[in-house]
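*Asks:* In case it's useful when we look at the structure, here is the feature table from Swiss-Prot:
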type	residues	note
REPEAT	22-61	repeat 'WD 1'
REPEAT	69-108	repeat 'WD 2'
REPEAT	111-152	repeat 'WD 3'
REPEAT	153-192	repeat 'WD 4'
REPEAT	196-235	repeat 'WD 5'
REPEAT	238-280	repeat 'WD 6'
REPEAT	283-317	repeat 'WD 7'
Amino acid sequence: MAEEIPATASFTPYVHSQTLTSHNRAVSSVKFSSDGRLLASASADKTIRTYTINTINDPIAEPVQEFTGHENGISDVAFSSDARFIVSASDDKTLKLWDVETGSLIKTLIGHTNYAFCVNFNPQSNMIVSGSFDETVRIWDVTTGKCLKVLPAHSDPVTAVDFNRDGSLIVSSSYDGLCRIWDSGTGHCVKTLIDDENPPVSFVRFSPNGKFILVGTLDNTLRLWNISSAKFLKTYTGHVNAQYCISSAFSVTNGKRIVSGSEDNCVHMWELNSKKLLQKLEGHTETVMNVACHPTENLIASGSLDKTVRIWTQKKE
């Protein structure tokens, strides 16, 4: 059930639509392709799964492909912009690049000296950025699989990495309490965002317009930072995040929202501007580790320690 919070007139609550049970260990990452036609999930069971997404049909998600080859659990997965490739980050210290259609392994990117924890493509999809428990951020050439740059980014494990919308900047976060913004061409640090308290940062991502970053910290808080002023503008609370690196997302298909996983087993959704908690989506039986918002439809995917992926849709009027 989705817990109802008194609705604002314009908000239609989300409801549980489907549960995917392809994985046999915790689900660590869920991502939609940029065209919204595919969903990928990665797991501690060492596999990635893809599903076709058809919002007209029931069920919405249909399993397509299984990707196997990592020697240890997978922490993150990302699609290339054209959805031809997937990259994964694993506790086996490697990244792997996969062919989405065939499920075959294209290449293994070797260089990190500890768990590879987070990964993303740039919008042009000719570069990959990764973060690791070895405290570095690495930039890779997709075509050759070679490491282009090693950034001595942080003094603790790197928890998230993301490119902005034109690929010129990278943001990284770490348990060291810092978010850093890097020039992706030179590898130079152009800005460090520091809060007064600096709790460990569990997640970071650029806003769709690239002007803001959404930062999750292990004090049960999400903050929206303005990059140019290096000040935080808004704070979102009500969820629980004190232990895990839980992802959050921007939902832009029907008003501007912030969506996050939580250690209370719910998906939380806030109105971006008012910071009002709109809804808690109930159904998972363990921590919700990650969420993804569909690019064009009012559709959310969530992955949990309970080994399932859940699909949530807005109630039909």
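Here the Cβ of each residue, glycine as well, is placed from N, Cα and C on the backbone.
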*Asks:* Give the one range among 22-61, 69-108, 111-152, 153-192, 196-235 whose Cβ atoms make the most pairs under 8 Å with those of the repeat 'WD 7' (283-317).
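*Replies:* Per the Cβ count, the answer is 22-61.
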*Asks:* May I ask for the residues of the chain that lie six or more residues beyond the repeat 'WD 3' (111-152) and have a Cβ under 8 Å from a Cβ within it?
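*Replies:* Same-chain contacts beyond the flanks: 75-82, 85, 87-95, 97, 158-163, 165-167, 170, 172, 174, 182, 184, 187, 189, 245.
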*Asks:* Per DSSP, how many helix, strand and coil residues does the repeat 'WD 6' (238-280) have?
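*Replies:* Breakdown, helix to coil: 0 helix, 18 strand, 25 coil.
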